[in-house]
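The GTP binding site annotation in Swiss-Prot covers 75-82, 176-180, 245-248. Sequence annotations record features per position, and here Swiss-Prot assigns domain 'Dynamin-type G' to 65-338 based on sequence analysis. Marked as domain 'GED' by Swiss-Prot: 571-659. According to Swiss-Prot, the feature region 'G1 motif' maps to 75-82. Sequence annotations record features per position, and here Swiss-Prot assigns region 'G3 motif' to 176-179. The annotation region 'G4 motif' is assigned in Swiss-Prot to 245-248. Residues or ranges marked as region 'G5 motif' in Swiss-Prot: 277-280. The region 'Disordered' annotation in Swiss-Prot covers 547-567.
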Amino acid sequence: MVLSTEENRSVDLVNLPSVPLPDGEAGVGENNKDSLNNLCSQYEEKVRPCIDLIDSLRALGVEQDLALPAIAVIGDQSSGKSSVLEALSGVALPRGSGIVTRCPLVLKLKKLNQGEEWKGKVTYDDIEVELSDPSEVEEAINTGQNHIAGVGLGISDKLISLDVSSPHVPDLTLIDLPGITRVAVGNQPADIGRQIKRLITNYIQKQETINLVVVPSNVDIATTEALSMAQKVDPDGDRTIGILTKPDLVDRGTEDKVVDVVRNLVCHLKKGYMIVKCRGQQDIQEQLSLAEALQKEQVFFKEHPQFRALLEDGKATVPCLAERLTMELISHICKSLPLLENQIKESHQSTSEELQKYGADIPEDENEKTLFLIEKINAFNQDITAIVEGEEIVREKECRLFTKLRKEFFLWSEEIERNFQKGSDALYKEVYTFEMQYRGRELPGFVNYKTFENIIRRQIKTLEEPAMEMLHKVTEIVRAAFTTVSEKNFSEFFNLHRTTKSKLEDIRLEQETEAEKSIRLHFQMEQIIYCQDQIYRKALQKVREEEAEEEERKHGKSRSSQSKNLQTSSMDEIFQHLNAYRQEAHNRISSHIPLIIQYFILKMFAEKLQKGMLQLLQDKDSCSWLLKEHSDTSEKRRFLKERLARLAQAQRRLAKFPG
């Protein structure tokens with residue numbers, strides 16, 4: 001909230017805007033304390049529920065699944081970041097040289113009613129440390145960092161949570177991130193700078209995060225690493241707030257430049273800048289209390305000739321910053337809730353679907369385990385039946401097995417046609433040779449039946465190997481389909497899946513051999529030239545009519561009725577008989593070979609596989625072995641169940657939120 005000039009003029013040492021005040025701090029009058037307790041009073045009814053909602057979702061672990069609205073605090077080392085957080089929270093945080101914040105620290109501030117006692121809690125991993133005094137905070141956080149990141153200067157991306165409840169803090173949640181460093185010092189890892197930047201980027205790149213960039217007033221803001229990192233992930237500055245610190249260290253004569261930065265005239269950010277003056281190292285050595293530091297800050301800005309205007313604009317002091325951050329966080333949460341609700345719903349649905357793939361937990365009881373295996377095998381057999389009947393459920397852009405087989409059978413029909421067409425030239429030459437060289441006592445127009453048989457046999461024989469190729473192709477397609485069913489049902493049970501694949505391979509080999517025998521037998525039978533008389537007559541009549549129509553189309557009725565020479569007429573007669581028989585052979589072979597393949601490679605393959613799977617149930621001793629899972633399957637199932645429970649609880653909390 002930007003305070004009006006009149007509002008700011010009323011701000012004095014006795015009537016500060018509400019700010020955090022550490023319990024037990026001396027030197028502040030009762031009127032001042034009453035004034036300090038007014039922080040966010042105008043928001044109180046809606047502020048706490050909003051922040052509590054997000055904090056509760058974060059405590060559930062929902063942040064493992066999706067991003068939550070947050071304010072992340074970043075800054076270079078020695079930027080004054082810790083001092084700002086101390087001023088906001090009223091507790092002393094770890095200080096020192098080098099990397100002090102070694103784990104992300106979630107600082108949850110909760111405003112209590114006047115008279116209630118200060119409470120604190122530090123949480124990390126499965127450890128909770130209750131605190132009864134603000135002075136215990138620093139040691140508890142250092143202990144937590146040593147536990148998570150190890151004793152030394154290493155860092156970790158695991159969270160430490162600090163809950164502070166007091167009448168003298170704002171309702172606010174911040175995430176403090178390690179200070180940016182460039183050079184490894186002492187026993188720090190050589191790539192410590194890169195590690196810290198990666199950790200910071202993981203937080204500030206999320207669209208749900210407001211980035212609070214802390215920069216000393218006495219440096220060139222355009223060259224600071226923290227602002228540069230924020231600009232990379234938020235180039236328009238839509239979710240970045242700049243905080244200038246250490247205004248008392250600004251060189252004389254450069255104050256106007258600092259004022260220009262705060263007024264957003266140098267590096268533009270849509271959310272703008274604030275400026276604060278917190279305790280410095282000398283103040284700490286002189287044991288200046290946080291409450292006294294707030295009074296000292298108020299005096300500094302009120303009496304400073306250049307910075308006074310920033311106080312009047314509501315852009316200076318920790319109290320104004322606390323109020324601004326609370327307002328920003330609440331606004332950000334309210335804007336994010338609809339999207340967050342949808343994300344939780346979608347994540348819940350996708351997690352449920354993924355959990356279904358892993359199935360239920362394996363029972364411990366042997367009888368129940370047998371029933372579990374029966375259910376699994378029945379489900380597998382039902383899926384196989386659905387494939388054989390062409391009723392399996394497929395995903396978008398996928399096709400059923402029968403669609404794939406139909407395509408292969410269509411190509412087979414085309415292969416027969418292509419084969420006959422390709423043999424026409426050779427056929428003409430052979431018939432011509434017979435007519436000119438080998439015709440015996442036959443009158444013109446009579447075909448030598450032996451020659452007719454030989455021609456037909458040779459042409460049909462050339463189709464045998466293409467039929468074998470189709471058989472192998474279809475077998476592979478069916479094998480792949482059945483293997484997919486096994487993976488779908490048994491992928492988590494490696495022994496059962498392996499046993500199924502072994503059975504599948506044995507039956508495939510057996511059925512492919514049977515199908516090959518049957519196909520070769522069919523081609524042997526095709527060497528017998530035979531067709532029912534009435535069928536052959538119809539085929540011959542059809543060929544003659546088609547040729548007559550074609551002749552009439554080409555040369556007209558008069559030409560077609562003219563007598564042809566005896567040689568041409570005889571050749572035509574032979575070709576008509578050959579074409580008539582080839583058409584009937586085409587019809588037989590194009591249908592019968594796919595029938596053989598479907599019978600052996602689909603129907604019998606499926607039946608034998610299903611029977612083989614049921615036979616597994618006869619050996620009850622192998623039940624546990626067959627149901628042995630991959631080492632990570634039960635862990636994955638447990639993880640998904642926990643996520644599902646988290647998301648379900650999050651949905652319930654969002655549903656209860658008054659909005």
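A Cβ is built for glycine as well, from the same backbone N, Cα and C atoms used for every other residue.
Overlay of Swiss-Prot feature records on the structure.
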{"residue": "GLY75", "record": "GTP binding site", "CB count, 10 Å": "28"}
{"residue": "SER78", "record": "GTP binding site", "CB count, 10 Å": "15"}
{"residue": "LYS81", "record": "GTP binding site", "CB count, 10 Å": "30"}
{"residue": "LEU177", "record": "GTP binding site", "CB count, 10 Å": "27"}
{"residue": "ILE180", "record": "GTP binding site", "CB count, 10 Å": "21"}
{"residue": "PRO247", "record": "GTP binding site", "CB count, 10 Å": "24"}
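Applying DSSP to the region 'G5 motif' (277-280) sorts its residues as follows: 0 helix, 0 strand, 4 coil. Taken through DSSP, the domain 'GED' (571-659) splits into 79 helix, 0 strand, 10 coil.
Per-residue confidence over the domain 'GED' (571-659) averages out at a pLDDT of 86. Residue counts of the region 'G1 motif' (75-82) by helix, strand and coil are 2 helix, 2 strand, 4 coil (DSSP-based). Taking H, G and I as helix, E and B as strand and the rest as coil, DSSP gives the region 'G3 motif' (176-179) the counts 0 helix, 1 strand, 3 coil.
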